[in-house]
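Pulled from TrEMBL:
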type	residues	note
DOMAIN	C:3-142	domain 'Semialdehyde dehydrogenase NAD-binding'
BINDING	C:10, C:11, C:12, C:13, C:317	NADP(+) binding site
ACT_SITE	C:150	active site
C-alpha cells in the first residue's frame with residue numbers, strides 16, 4: 001500500500017485523479033490539496049464523490065504534501081509545477097506531473113511552444129513521458145513521470161504505428177475535437193453555457209502547444225524529424241476527444257500493412273481497442289464509446305484520392321488523456337498490475 | 001459463483017445488466033440472448049463492451065436459458081415476461097424480471113394500468129418488489145424479483161419517508177423528467193436525433209403506468225390509500241431522471257421533522273445520498289451527479305406559500321432505475337455483499 | 001416612424017430587443033446603451049448582428065436616452081428600473097419596462113415577492129401589464145408598459161382560459177422548465193458549460209418570484225383570489241420554456257368545455273397556437289416548435305385519475321417571454337399593426 | 001408575382017424552402033408535393049409552420065407540378081431529379097434542383113463520385129451552379145439552377161478567394177463538421193437520439209462526394225486543376241456546418257494579401273461576413289452565429305509552423321447550404337432584389 005497526495009485536487013483533472021485513486025486497491029490517498037477549498041470536504045467541490053469519502057482538502061504546500069507520502073500527483077497549471085518540482089525532486093518522493101513543465105526532452109522546445117526558458121533543464125532527462133504503451137520499459141525504473149497532454153495522447157496513439165512503420169512521408173495534419181472539460185473549471189464568457197452550447201469553436205487554428213509533444217514522440221518513434229500541425233476545436237460536449245489525422249504517403253499503402261503496423265504496436269495492449277466496423281453504427285472511434293474509461297480507441301481509413309491515411313483516435317480526455325495515463329504509468333512504476341484501478345467499462349450510452 | 005442468463009440482452013436495459021454483471025465478482029454470465037442479434041458478438045450491439053468480453057448472443061428461448069443457469073434476468077418488454085415466467089417458475093431457477101408483469105401485488109391493477117387481465121395472478125404473491133431499501137427482508141428469502149419501473153423508483157424513494165412519517169395529506173403530484181434511454185432502442189421519427197434534440201416533450205401528461213406502482217408502494221408504507229398523479233417529460237439528455245413531487249400537507253411541517261423522516265428510513269443506506277447544499281452549484285439532486293452510478297440522490301424543500309413539501313429524487317434510469325436495483329436485489333437474495341458490483345463512482349462531469 | 005432607445009442593450013433581453021427592433025419597419029433604434037460596452041459596435045457584444053447594423057453602444061444614462069427618443073425600452077435588472085423610471089415618467093417619453101419593478105398592481109406584493117417596499121406606488125397604476133392578449137384594450141391607451149416575466153407569461157397564457165371559465169377549484173401547481181438564457185449573461189460556476197451541460201437543476205423548488213404575477217393576473221381574470229405555486233428547473237437547452245400546470249377541479253370537465261374556454265379567449269389571436277396532435281411527433285407544445293418566434297403554443301390534457309386539468313404552454317423565453325411581448329405591446333400602444341416585426345416563423349429544427 | 005412548386009416538400013430541405021418561400025413577397029407557393037404525406041396539411045409534417053399556412057401537400061408528380069407553376073424546386077434525393085428533369089426541361093418551367101444530379105459540368109465526374117453514368121449529359125451545360133457570389137452573371141440568364149451541396153458550399157466559399165489569388169500550392173485538406181439535419185429525416189439506429197447524442201462520428205474519412213464539386217469550382221476559379229480531400233464528421237447539433245480547410249503554400253503569405261483576396265471577392269456581398277475578432281468570444285466563424293440565417297461567415301489563420309493557411313467557413317446547412325442559396329439564385333434569375341426573403345438575422349443564442 002503506497003500513500004499518495006494530489007496537489008491541486010479541486011480542478012477537473014485533480015478531481016478525476018481523486019475519484020480513481022480513491023478506488024485504487026494499492027494506494028491510499030492521504031492528502032488532497034486545494035488553495036481555494038482548503039478545509040472543505042472534497043465532495044463539496046466534487047459532489048459526485050459524496051458517499052465515497054469524508055476526506056477534506058488540505059492547505060499543504062506541494063512540498064508539505066510531498067513530505068507526507070510516497071507519490072505526489074501534481075495537478076496544477078503549466079508553469080506552476082516547475083516552481084515546486086525541483087525542490088520536491090530532492091525529497092525522495094516520486095512525482096507524477098500532469099502539467100507540461102517536464103514533457104519535453106529538449107529544453108529548446110520550451111521557448112518555442114510555451115514562451116519561456118526552462119529553469120531546470122537537467123531535470124528534463126529524469127522525467128519519463130507517461131505514455132505506458134510507448135515508454136513501458138522506462139516507466140518501470142522511473143521516479144518522475146510527466147503525463148502527456150490530452151490531445152497529444154489521442155494524436156500520438158493513433159499516429160505512432162504509422163510513424164514506426166515508416167508511413168510518414170510529409171507533414172501530418174491533425175484535426176482535433178474536444179469537449180469543454182479540457183478547458184478547466186474557471187468560468188468565463190467563453191465557457192458560459194448560453195454561449196458555449198451548440199457552438200463549434202476553432203480555438204486554435206494553428207500553433208497549438210501539444211504539437212511540440214507530438215513531434216517529439218513521433219520523431220523518436222520514426223527515427224526521423226517529423227513535422228506536425230493541428231487545428232483544434234471545442235465542440236458541444238463535456239468529455240472526449242476525437243483526433244482525425246491526415247498522414248500523407250508517397251505510395252498508396254496496402255491495407256494489411258497498416259493493420260500490421262497497428263497490431264504490432266498494440267496487439268497485446270489492454271487499453272487499446274480497434275473500432276473498425278463497416279456495418280455498424282460506430283464504424284470508427286467515437287468519444288461516446290470511451291467516455292468514463294481508460295481506453296484509447298483507434299481506427300483508420302485509406303484515402304485513394306490523394307494518397308493519405310486517415311488515422312483516427314478517441315479518448316476520454318480526463319482519463320486516458322490525463323488521470324488514467326497517470327495512474328497506469330504509476331502502476332508500472334510501482335510494479336502494480338498495470339490495469340489496477342482502471343478497468344472501468346465505458347457506459348453503453350452517455 | 002452463481003451462473004446467470006440475461007434474456008433480451010441487446011436492449012439498453014439488457015446491455016446495462018450485461019455490463020455490470022460481467023464485472024460482478026460473484027456471478028458468471030453464461031447466456032445472453034437476443035433474437036435479433038443471435039450469433040453476433042455482444043460487443044457488436046454494445047460496442048462499449050469491446051475489450052471486456054468475447055461472448056456472443058445466443059438464440060436460446062427464455063426457457064432454454066433458464067435451464068442452464070441459477071438466475072435469469074428477464075429484460076424483455078411488458079407483456080412478454082408473462083408468456084414465459086409461469087413455466088420458468090417451475091424450473092427451479094431464480095428470476096429477476098425487469099418488466100412490469102409482476103410488479104403489482106393486486107391483480108386488479110393490471111386492467112387499470114396495462115389494459116389486460118393478469119393470466120397468472122397466483123404468481124404475483126411470489127414476487128418481491130425489487131426495491132432493496134424498502135423490501136430488504138423479503139428479498140432475503142425471495143426467489144422471484146420484480147424490478148420497479150425507473151420513474152417509479154425515483155418517485156417512491158423520494159416520497160416514501162414522507163409517507164412513512166404521515167405527511168401525505170392529499171394527492172401527490174409528480175413531475176418527471178427523463179432522458180431518451182428510457183424509451184428504448186427502437187428508432188422512430190419521435191426519437192430521430194434532429195427531432196428529439198433540444199425538445200421538451202410531455203409524453204404523458206396524465207395516466208402514466210408507473211402511477212400504479214407508486215400508489216401501491218406508498219400505500220403500503222403509509223398504511224393508508226395514497227393517491228398519486230404524474231406528468232412525465234422527455235428532455236434533452238440520454239441518461240437520468242429527476243422527479244419533483246408535490247406533497248401537500250395540512251400543517252406546515254418543521255424542517256427537522258422532515259429530515260428525521262429521511263434519516264430514519266435511509267440513514268444507513270449505502271446507495272442513498274442527500275444532496276442539500278444551499279451554497280453550492282448542486283443545491284439539490286441532479287441527474288448529472290448520479291449518471292453511471294447506483295445512487296439515488298434525495299433532497300426536499302418546504303413551500304410555505306401553499307403548505308407543500310417538494311420531494312426531489314434523481315437516479316440513473318438504467319442503473320438505480322433498472323439494472324442496479326436488479327443486481328442489488330439479487331445480491332440480497334443470494335446473500336452476497338449488497339454493494340457487490342455496484343460501487344461505481346459517478347463521474348465528475350458527464 | 002417612431003424613435004426608440006434600448007437601455008441595457010448588451011444583455012440577452014436587450015440584444016433580442018435590438019435584433020427585432022432593427023428589423024421593425026415602424027421604428028428606428030436611435031440609442032442602445034451599455035455601461036460595460038459603451039463605444040463598441042453592438043455587433044461586438046451581439047456578433048449575430050454583424051451585417052445588420054454599424055451602430056455603437058452609447059453611454060447615455062437612462063434619462064439621457066429618454067430625452068432623445070419617443071419610446072424607451074428598459075432592459076435592466078430588477079431594482080434598477082425603479083431608480084430611473086420616476087424621473088423618466090415626467091419627461092413625456094413612453095416607457096416599456098422589462099424588469100419586474102412595475103408588474104404588480106398592488107404595492108403590498110413587492111415586500112412579499114421582492115423583499116423591498118416600492119418607492120413609487122402611485123406609478124404602479126399607470127403601468128399596463130404587457131400581455132397583449134389579456135390587456136389589449138388598456139395597452140391602446142397606455143404610456144407605460146410593464147412586460148411580464150418569462151415563466152409568468154407561459155403560465156398565465158396557458159391557465160388564463162381555465163381561470164376565466166371557472167375551472168380553478170384549488171391551488172394551481174406549475175412545473176417550469178427553462179433554458180439557460182433565462183439566467184442572463186453573467187458567467188459563474190453554476191453556468192459554466194462543463195457543469196451546466198446535461199444537468200437538470202431545480203433552481204427554485206418553491207417561492208419563485210413570478211408566482212406573484214401569476215396570482216395577480218389569474219385572480220383578475222377569474223374574479224377570485226387564486227393561489228398558485230411553482231417549481232422551476234433549468235434544463236439542457238438555451239432558449240425556451242415549457243410550463244406544465246396542474247389545475248385541480250372538483251368535477252371532471254368535459255373536453256369540449258375546455259376547448260371552448262381556450263377558443264373563446266384566443267380563437268382570433270395571431271400569436272397563439274394550439275398544439276394538440278394525437279398522432280404526430282409533437283403531440284403537445286414543445287419549445288422546439290416556438291424557438292425564434294413570437295408564438296405561445298398551448299395544449300391541455302384531462303387527468304381522470306385525480307380530477308386535474310394539465311395545462312401546457314411553451315414559448316421562446318426571450319421573445320414571447322420578453323422582447324416579443326414588449327414589441328407587440330408597443331405596436332398596440334402606438335397603433336401599429338400588432339404583428340409588425342414579429343411574424344418570424346420558427347425554424348423546422350433547432 | 002411568380003408561382004412556385006416544391007417537389008419533395010416534406011423533407012428537411014423541402015420544409016426549409018417552404019418556410020422561406022411562404023414569406024417571400026415575390027412568389028406564391030402553389031404546390032408542395034409529398035408522396036408520403038399527400039393530402040395532409042403541411043403543418044402536420046412541419047409543425048413549426050402552424051399559423052402560417054393552411055396549405056396541404058399534393059400528390060402531383062414532378063411533371064404535374066411543373067405544369068402548374070413558373071418555377072419548380074426539386075427537393076428530392078440524388079438520382080431522383082434525373083428521372084424527371086429531362087422531361088420537365090422541355091415544358092417551359094424554370095427549375096431549381098437541390099440534388100446533385102446536375103452539379104457537375106463534366107459528365108465524367110458522375111461515375112467517379114456517384115457511381116453512375118449521367119443519362120442526359122447535354123443538360124449539364126444548361127444548368128448553372130447556384131452559388132450566387134461566384135456565378136451571379138450566369139444566373140441572370142439561367143433557366144436551370146443546380147444548388148451546391150451543403151459542405152461544398154462552406155468549403156468553396158472559404159477557399160475560393162485563396163484559389164483566385166493563387167495560394168493553392170498543394171492538396172487542400174478539408175475537415176468538415178456538420179449537424180444531424182444534413183442526413184435527412186429518415187429514422188435509423190445511427191440517428192436514434194440515444195446513440196447520436198454526444199457522439200462525434202467520422203462518417204466519411206475520405207471519398208466524400210462533395211469533393212468533386214469543390215474541385216470543379218476551385219479549378220474554375222484558380223484556372224488550374226485543384227486537388228482536394230476531406231474528412232467529414234457528424235457532431236452533436238442539428239443545424240450548422242464548420243469547415244476547417246488546410247491550404248498549403250510554398251511561401252508564407254503576408255496577412256494583408258490574404259485579406260485582400262477575401263475582400264476583393266466578397267467585399268460587397270450582402271451575405272458574406274468576416275468573423276475575425278481576436279478579443280471576443282467568437283474569434284472565428286461558428287455555426288452558432290449563422291443558424292437561421294443566409295450568411296456564410298468566413299475567417300482564416302496563418303500557420304507559420306508548416307506554411308499553411310487555415311480557411312474557416314460556417315453556414316446553416318439548410319439555408320446558405322441549401323434553401324437559402326436556392327432562393328438567392330432564383331432571385332437573381334428572376335430579377336428580384338437578390339436579398340428578398342433572405343434577410344433574417346441569426347439569433348443571439350441557439
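Placed from the backbone N, Cα and C atoms, the Cβ positions cover glycine too.
Where TrEMBL records a feature, it is marked here on the structure.
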residue: C:10; record: NADP(+) binding site; DSSP class: coil
residue: C:150; record: active site; DSSP class: helix
residue: C:317; record: NADP(+) binding site; DSSP class: coil
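Of C:12, C:13, C:150, listed as recorded positions, those near chain A by the criterion of a Cβ under 8 Å from one of its Cβ atoms are C:12.
A gap of 19 Å separates the Cα atoms of residue C:10 (NADP(+) binding site) and the residue listed as 'active site'. Predicted-model confidence for the domain 'Semialdehyde dehydrogenase NAD-binding' (C:3-142) is 98, expressed as mean pLDDT. Of C:10, C:11, C:12, C:150, listed as recorded positions, those near chain D by the criterion of a Cβ under 8 Å from one of its Cβ atoms are C:12. Per DSSP, the domain 'Semialdehyde dehydrogenase NAD-binding' (C:3-142) is made up of 51 helix, 26 strand, 63 coil. Proximity to chain B, defined as a C-beta distance under 8 Å, is registered for none of the recorded positions C:11, C:12, C:150, C:317. Around residue C:317 (NADP(+) binding site), the C-beta neighbours below 8 angstroms that are at least 6 residues distant in the chain are C:150, C:151, C:178, C:179, C:181, C:182, C:239, C:240, C:241. The record assigns C:10, C:11, C:12, C:13, C:317 to the NADP(+) site; their largest pairwise CA distance measures 17 Å.
For residue C:13 (NADP(+) binding site), applying a Cβ distance below 8 Å and a minimum sequence separation of six or more within one chain yields C:75, C:98, C:318, C:322, C:323.
Counting only same-chain residues six or more apart in sequence, the Cβ atoms lying under 8 angstroms from the Cβ of residue C:11 (NADP(+) binding site) belong to C:75, C:184, C:185. Neighbour density for the residue listed as 'active site': within 10 A of its CB lie 26 other CB atoms from the protein chains shown.
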